[in-house]
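According to TrEMBL, the protein carries these features:
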{"type": "DOMAIN", "residues": "8-113", "note": "domain 'Aspartate/homoserine dehydrogenase NAD-binding'"}
{"type": "BINDING", "residues": "Ala120, Asn186", "note": "NAD(+) binding site"}
{"type": "DOMAIN", "residues": "164-250", "note": "domain 'Aspartate dehydrogenase'"}
{"type": "ACT_SITE", "residues": "His216", "note": "active site"}
Amino acid sequence: MKIGIVGHGAMAGALRGVLAQEGAALGAVLVRPGGAERVRAALPADVAVAETLGDFLASGVTVVAECAGHGALQAHGPGILAAGRDLVVAAVGALADPELETRLRAASACGGRLVIPAGAVGGLDALAAARRAGLSSVRYVSRKPPAAWLGTPAERVADLSALTAAAAVFTGTAREAALAFPQNANVVAAIALAGLGFDETQVTLMADPAVTGNRHTIEAEGAFGRMSVTMEGRPLPDNPKTSMLAPYSLARAVLNLDARVVV
Ligand SMILES: NC(=O)C1=CN([C@@H]2O[C@H](COP(=O)(O)OP(=O)(O)OC[C@H]3O[C@@H](n4cnc5c(N)ncnc54)[C@H](O)[C@@H]3O)[C@@H](O)[C@H]2O)C=CC1
Ligand SMILES: O=C([O-])CC(=O)C(=O)O
């Protein structure tokens, strides 16, 4: 297995650290055009830094972790899969766009595998199993500190710098949330894909000055019974929007692609 990473931000940096700790080989990084020189200086000399998808694939990576957001998955996801490389995605919310979901599914049908990790949340194994028995409702609530909602549509519904109590910044379906909050609602999409789908999964996003980390709660009911899972995640030091668990979840998904015993 030769691993490639798309992106060079907070999640990619944390993922590189976990892979190094696990002794896994990082072969190449794909960055935005014009970004290679700066990134090359920050990486070991044996890691190729590419600015085009062609150069990235030519480096021989067999498994790719996308850590770069919706635009990058849109631009590169179908090409990576069509080239037969397995793709573990962070920007799961981009699949709320039906056209991109169709393109990715079509590319993976005769190419590499598309892997949706749980990311910053837990419980998706149970949810995906429960779906087979029949689910009647799935609800997700996110609570993050006001600063985690800066630069998002939340700014139009709450004065984030002056909040003294929790405020709902979004209520609606998983599809609406994933498309409107591309940096904060990717777990919503993973929950939707594991469970009841983008249009039947109910979502509430809260800006809450009382929480220090990112709190995610999934509640589901169905023939199996009921589940309630709450994750209280620490944010990554370099990006308060992103939970620390997310890069570890991507690392798990990448390493499981090469494991003889899969846990
Ligand atoms: N599934 C999950 O649980 C989670 C998913 N995410 C997703 O992961 C993404 C990355 O998160 P962070 O690293 O914290 O964000 P970040 O803003 O720190 O880093 C994003 C990086 O991607 C790069 N990038 C953007 N477009 C690119 C392109 N077309 N080609 C190559 N590189 C490109 C940027 O230059 C930057 O280096 C988020 O935008 C979000 O979509 C974030 C948190 C949790
Ligand atoms: O990392 C998190 O807490 C969740 C997140 O931002 C996302 O799902 O995009």
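Each residue, glycine too, has its Cβ placed from N, Cα and C.
What TrEMBL says about a protein is an automatic prediction, not a curated fact.
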Exercise for the section: In three-state terms from DSSP, label Ala120 (NAD(+) binding site) for me. Expected result: coil
Practice task
Determine, to the nearest whole angstrom, how far the Cα atom of Asn186 (NAD(+) binding site) is from the Cα atom of His216 (active site).
Solution key: 12
Handout entry: Stretch-averaged pLDDT - the domain 'Aspartate/homoserine dehydrogenase NAD-binding' (8-113)
Key = 97
Exercise for the section: Report, in whole Å, the straight Cα-to-Cα distance of Ala120 (NAD(+) binding site) from the residue listed as 'active site'. Expected result: 8
Problem - Counts by DSSP class (helix H/G/I, strand E/B, coil) across the domain 'Aspartate/homoserine dehydrogenase NAD-binding' (8-113) - result: 55 helix, 16 strand, 35 coil
Exercise for the section: Count up the helix, strand and coil residues in the domain 'Aspartate dehydrogenase' (164-250) according to DSSP, in that order. Expected result: 22 helix, 39 strand, 26 coil
Exercise for the section: Would you mind listing, in sequence order, the residues at least six apart from Ala120 (NAD(+) binding site) in the same chain with a Cβ closer than 8 Å to its Cβ? Expected result: Asn186, Val187, Asn214, His216, Met231, Gly233, Thr242, Ser243, Leu245, Ala246, Ser249
Practice task
Inside 10 Å of the Cβ of His216 (active site), count up the other Cβ atoms and send me the figure.
Solution key: 25
